[in-house]
Every structure is written in C-alpha cells, then in structure tokens.
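Here is the structure we will look at, set down as structure tokens.
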Amino acid sequence: MARHLITSAIPYINGIKHLGNLVGSQLPADLFARYQRGRGNEVMFLCATDEHGTPAELAAAKAGKPVAEYCAEMHDVQAKIAEGFRLSFDHFGRSSSEQNKKLTQHFAGVLADNDLIREVSETQMYSHADGRFLPDRYIEGTCPNCGFDSARGDQCDNCTKQLDPVDLINPHSTISGSTDLEMRETKHLYLRQSQMKDQLDAWIDSKTDWPVLTTSIAKKWLHDGDGLQDRGITRDLDWGVPVKKGDEDWPGMEGKVFYVWFDAPIEYIAASQEWVDAGKGDDWERWWRTDKGADDVTYTQFMGKDNVPFHTLSFPCTILGSNEPWKLVDYIKSFNYLNYDGGQFSTSRGRGVFMDQALEILPADYWRWWLLSHAPESSDSEFTWENFQQSVNKDLADVLGNFVSRVTKFCRSKFGEEVPTGGPDLAVDADWVAQLEQNIRQYEEFMEAKEVRKAAGALRAIWVMGNEYLQEAAPWSTFKEDPELAASQVRLALNLIPLYAVLSEPFIPDAAATLLEAMKVDAEWPGAAADAVTRLPAGHAFAVPDNLFGKISDDQREEWQSKFAGTRD
Ligand SMILES: Nc1ncnc2c1ncn2[C@@H]1O[C@H](COP(=O)(O)OP(=O)(O)OP(=O)(O)O)[C@@H](O)[C@H]1O
Ligand SMILES: [Zn+2]
C-alpha cells in the first residue's frame, strides 16, 4: 500500500473563498486524495486557514472584533463550507495554532544555528496617522518605472516590477490615506535563500515531471536579475508568531512576529500535529520525518500559480536549510487562474461566485464536476453561466444521470428490482470490453499524473460508453423478441453503475454514494474490465435511485447570471 501525503495551499482567513480559489488548490487536492483512497492507498490530506498578517488584522477591525476571535469564527465558517463541498481533509488546521507557533520558532532557531538567517537593520515606512509600521502592500504611490499611479510598495501591478516602498513617488498609506510617512530604522531577520540557490536549482532541475508552470516560475525566481534574493521573514506587527530562536528569546527582536509566508507552509506539518492532538491519529512523524518512517511517503502539493515561489524555493529552503530529516515535497501541481465571466474573480472587490453562494444554488457535485473538468491547467480558464449550464446538463444529466435512470427503470418495469437472469454471460463483444479496459486504465494514468482535465475527459468517455451501449443494444426492443438477451444486456448495463460510482467518486462523491447505495454494493476499485462488468450476479437486489442530476433551465441560468453580475459587499 502506497502512502500519500497531500496538502492544499492554505486559504487566507479574511473572507469566504471564491470558485477560483477552490479550483486552484483545495478541490484538485481533494480529487487526488479521494482517488488515492479509492485505490486503497493510505492518505494524509491536510489543509488549514492562513491566519496571520495585516489583512487579517484589518478585516477583524472592519468586523469590529478582536483578531483572534475573528479568525476563530472565520475558520469555522471556512471549515463548514469545505464540508459542504465534500473536501475530505483529514485535518483542517489553523496557522495560528500553538503547534505551528512552536514549530515555526523551532525552524527559525535551527536556521539561525545553521547560519541561514541574518539580521538586517533597515528603514521602513512608519505611518504617524496609523501609529504603526506599514507593510509594503499598504503603501501605494506612483511607479518609478512606468508611471502607474497606484503601484504598491512591493510590486507594480501594471509593469510587474518588484519595488521597495522607498522607490514609490508620492507614497501614501492605504489604511488611512495619510501621506505623513516617515522612514524609521527597524531590525529584521532575513532568510539567506541566496546561500541555497545552487542546491535549490539542482533540486528543481531534477524534477523533470513537474508541470512547466511550476518549474518555470521557480526558474524565473532563481535566475532573473541578480538571482534568488534573501527574504525578510519578520514584521513589526502584533498578530503573528512571536519571533523566538527555538524556545529562547531573540535579543533585538522583541515585539516582532514572523512574516506569514514563513509560518504558513510550516502549518502543513503543524496541521498533522493538530490532527494528533485532536485525537484523530497517533503518529504524525511517520508522515513528515524521514528518520521516523516517512521515507516511503509520496508528498504532493496543490496550489495556484502565485503560491509557487514560496513552495518551490522558500519553504524548501526552510526544510533543507534545517538539516533535519523532514520530508520534502515530491510533486508540486500548480494551476493558472480561473476567471469569471469576462474578468477576474476578486475577493477584495467581491466579484464572482463565492463558495457559500455556490452551495446555496446547487449541490457540491455540480460545481465539482464543472470546476474540475475545466481546471485552469495549461492556461487560464473562464467560468461562464452558459458553459456551466451546458456542461452540467450534458455530462451530468444527459450522459450519466440519464443512463442510470433508463437502465434501472427499464429493469424494474420488466424484470423487477434485481439483476435479471438469463441470456449470454456477457452481452457485448470482446472489442467493447477491451475499449472499456483501455479507458479505465487511461483514466487511472491521468489521475496518477494529476492531469485533472484529461482525467475528467477519460471519465466522461467511460460514461458515454454506457449510453452508447444502451442505444445500440436497445434492450426495450430486444425484449420483444428475445427477453433472455435483453436480460443479459440489462445485466451488463446495471453492472456499469457501481463501476461508474467508484470511478466517479473523486469528482462527484455524493452521486457516487447514492449509486452505491442504490446498487447495494461496496466501493471496489475495478481490476480487469471484464470482471468489473460481471461483478453483480443475477438475482442481486437493487433499488432505483432518485434522479441524480436535474437540468439547469434557461430561466435559472439567467436568474443566476444577473444575481452574480454585480459585486458582493
Ligand atoms: N482565480 C484563481 N484561480 C485559481 N486559483 C486561484 C485564483 N485566485 C487565487 N487562487 C489560488 O487560491 C489559493 C488560495 O488563495 P488565497 O486564500 O491565498 O487567496 P488569494 O491568492 O489572495 O486570492 P484572492 O486575492 O482572489 O482572494 C491559492 O493557492 C491561490 O494561488
Ligand atoms: Zn510600473
């Protein structure tokens, strides 16, 4: 039995996530986790909320709540929505946990011991009106490179140039709008990523099977300009992991916290400690410590493209730089962006469909199927209501749902609610079985390779085979001349239902559960196709399931289209 450690990029705490966030991280991770469990492998699937940093503080202030309370509430909100989407985390942790605090301080301590952290005295913008140092992205001004007038302190969104706040012309605080800013001296810790550049470069080079999106972003950061830069890992904030060297105080760093990107990926490990402390398991080290049994673990990470630099370079720098036997990621699956109806999804502007709203209008399976079958893999993709309606109606209602309904209802009317007896053992020729075999194995290959869209296509092809079979065999006609042959045809078609359930479970888990329950069988991953289509013996009782999927009407589509055309507050 193989062992798979799977993590999804951890969603930020300051609001409900949109469908782009979902398809760019949690959902494909869930697909892979479910698939590996379906294959009988051992899986540890972890996610968490990313809770530290200024945006959380600001969101809490806006909600009129202490930040810890705000985060606890939002964590529960996100956890509940995740359940609604059937995201099958073994644990959904919190980066503000005590476990993560300890582990983050531990890593900082060993990195310092290994001479991979340096202290830097720098000047930083202090806002008198706000009474605080301003993080780079809370300072805006004119870009010195292109003249764009709302460039942020860390980057110009117009020309993409990386900036320092001091580079900006006419800077102001985006919190208060104040221009009463002063450069003040402050001390910060920097992770010496540049020291590890060659080691990281060789490691990325060895990953020849990774998506080009992943490796190209890593390579860009490694080599563009002066190459991989050291990165500040502390901030002058209240909300975060206090800067400590292991258990000890860090002289000169009093009152400072680690920067979110340093503690957030460490939460992947801490989440498994939380899992143990929550009584869900008893050994996290066999997943994470190569000296404690994690040697045979395959670790796969899922994330949107903007998270790639941290996962290909910064977090590996933490892991490798510790010189401790931590499990390093084996595969990084990254995604482009999903756009919404002619523009971008945006949390800050409330543009698009958000996870809670989606579940209010349709159950999880509809969204899961559309999002995964249109995952932004090789390029950005776009959600439109027309496309959503079309795909759902065709794939889920016309192909899968209709097949199940036709065969079970026909069987009930002619033979009763049990698998009929009689006729040839297998009412289909060898070519058809060979084709099914090929399609199943192809599906497995795409799922192993984390080729989400291709896997969806292969699954759809397997569903279509059932429909085409029914169409050609036409047991309703056969029945009139040769009821025995019709019985055999129906037997074959009924056998496809549990096969479909098991194969489809990673995509549409609720429908899969309904089908297995109706057919009164347990999930069992298919071996040879010939065995899979003869699994249910004649006489096996079943029940006609309720309609699996309703069609989306034009009226519904139009209603939703206008409902979601504006922005949410
Ligand atoms: N439009 C999108 N399509 C696909 N993935 C996305 C999209 N936007 C964000 N992601 C990914 O979603 C995951 C969770 O994102 P996170 O909670 O950090 O929000 P974010 O990146 O700040 O997005 P936003 O600014 O839209 O809220 C990350 O892996 C991120 O790369
Ligand atoms: Zn610019």
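Even glycines carry a Cβ here, placed using N, Cα and C.
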Between the ranges 149-153, 224-228, 304-308, 344-348, TrEMBL assigns motif ''KMSKS' region' to 344-348
The correct DSSP tally for the motif ''KMSKS' region' (344-348) reads 0 helix, 2 strand, 3 coil
Filtered by Cβ distance under 6 Å to ligand 1, the binding-site residues C143, C146, C156, C159, T347 reduce to T347
All chains considered, the count of other Cβ atoms within 10 Å of the Cβ of C159 (Zn(2+) binding site) is 13
Cα of C159 (Zn(2+) binding site) to Cα of T347 (ATP binding site), in Å and rounded, measures 22
Residues lining the Zn(2+) site besides C143, C146, C156, C159 (CB within 8 A of their CB center) are P144, N145, G147, F148, A151, D157, N158, T160, K161, L163
Sequence-ordered list of residues in the chain of C146 (Zn(2+) binding site) that lie 6 or more positions away and have a Cβ within less than 8 Å of its Cβ, or none, is C156, N158, C159, K161
